[in-house]
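Among the features that TrEMBL reports, transmembrane segment is placed at 20-45, 57-80, 100-121, 142-165, 195-217, 264-281, 301-324. The region 'Disordered' annotation in TrEMBL covers 352-456. According to TrEMBL, the feature compositional bias 'Low complexity' maps to 424-434.
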Amino acid sequence: MEQTSVEAGRIIPLTFEQELTALCVGWVSASLSIVGSVCIVYLIAFRQRKSLETDPFRRLMTGMCACDVIHSFWLLWQGILLPQQTSPRAFAIGNHTTCSMLGFFAQFGFSVAFYNGMISFHHLLTIRYGLTPSQIARRYELYMHGLSILWPLTTAIIGVSLGAFSENFVGPMCWFANFPDGCATDPLQPCRVFILGYVTTGGPVGLIFICIAVNMVRIYRHVHSTLSRGATRSMDSVSSADMASSPPTSNPYTTQIQQVATQAYLFVFVFCLTFCFGFLNQSLEASVDGTVENPWDERSIFPTIVLHQIFYPLQGFLNFFVFVRPRYMATRDERPDLSRWGAFVETLERDETAVSPRQTLSPRRGLRRQSTRSDDQTSSAADKPPWASRLPPLRGSGHLASFDVSAHATKNGSNGNSKKDTSSNENDNNNENNRSVGDAVAKTDENILNNGIGAS
């Protein structure tokens, strides 16, 4: 029988109470993750069915949730199907075959991280570069799904074929370990498992994190720049006398930027929270020789093991709240009489058409059609940004001048034909400014606030 690491004096395992605690929190987190991913699929498949057929974002979310359900299911068995003959774990009842199977699905589970990266690129293409869903579907979607599934699947198959999946020192799990076989107890044969792990998983996941952070910064800077330019042009087009007639209020442009930034920050935060503790534990394990003179003490890092068991299996659950957050906020704005729980329930029950910004967002062609109407109609519709109706209502009787151009146009039109001509020219300028702002922000609002970035 193969000599265990405990018998060789290479590790000091968790106590029975510590192991039971780690297993229990892992079971709860994995179960919640399955529930969260299933709820996202339900919302997309039954409440947003039309969008599933036309929107690549929702298909990416569906693929991510499907992979998360598979991954979370096998995480429930990580502390049980370990090799009974060689494992120091109290609840191990498996063998080397079941451990390889656990390692296969643990490696395949990193497809969720790849899907997170693809979703961030989807939003970058939509918001920064102005691609439509059909263009993304035709040019990029196949590669997004292919990379997200094929890389984790291929590396998982390679791991099984090489026999590289064994029980890890860190926590009750099977992944890349003891490769080549027997290196854990043979001082003449160095283990290369850490190189294999970082090449197949650590490096790609780190690159995904960098890409997500860069994409979110680029999206935020683009939105901030677009709204700032539009606000400056709109404010300049209104006379100082008209500005004096309206009391100052909060700036809706700033509110919109804050909403976009908050959603982006949540996405990056969830992604970091999911993987940071596992990366920390693996790095700590790599820094210890695991010899009799320098054994690996699991008990010393028990808190980080528990944190990893809590947050790593919790991906689907956190993704669910990030996904429904914009819809929940829209429901709260429309129904302020509801309690928080009541608004949450209604968010899940309502169809997409009830809360989707597609009812309030005017597409680019719609804005152009509005510009052909009369001056009065245009000033009341096209001059208002298409996402303005989704912002919280402004307090007081006054509004920002760029949002109340119709009132100024009516006042100027009643004073005579000369002022009517001036008002018409002013409205034309405002229409052009707001159309340029509306085109960019409509994509931002529809793809970030409604779809929800992140789903980690």
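Placement of Cβ uses the backbone N, Cα and C atoms for every residue, glycine included.
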Stretch-level contact, the transmembrane segment (57-80) and the transmembrane segment (301-324), CB cutoff 8 A, at least 3 pairs:
yes
The transmembrane segment (142-165): which same-chain residues, six or more beyond its ends, come within Cβ distance under 8 Å?
56, 59-60, 63-64, 67, 99-100, 102-105, 107-111, 114-115, 117-118, 121-122, 174-177, 179, 181, 193, 196, 200-201, 204
Same chain, outside the transmembrane segment (301-324) by at least 6, Cβ under 8 Å from its Cβ: which residues?
14, 18, 21-23, 25-26, 29-30, 32-37, 39-40, 43, 61, 64-65, 68-69, 72, 75, 112, 170-171, 263, 266-267, 270, 273-275, 277-278, 280-281, 284, 344, 347-348, 451-456
Per the 3+ Cβ pairs under 8 Å rule, pairs at least 6 apart in sequence, do the transmembrane segment (100-121) and the transmembrane segment (195-217) touch?
yes
Given a Cβ distance threshold of under 8 angstroms, which distant residues of the chain, six or more beyond its ends, lie next to the transmembrane segment (20-45)?
14, 51-52, 58, 61-62, 65-66, 68-69, 72-73, 75-76, 78-79, 90-91, 171-172, 302, 305-306, 309-321, 323-324, 348, 455
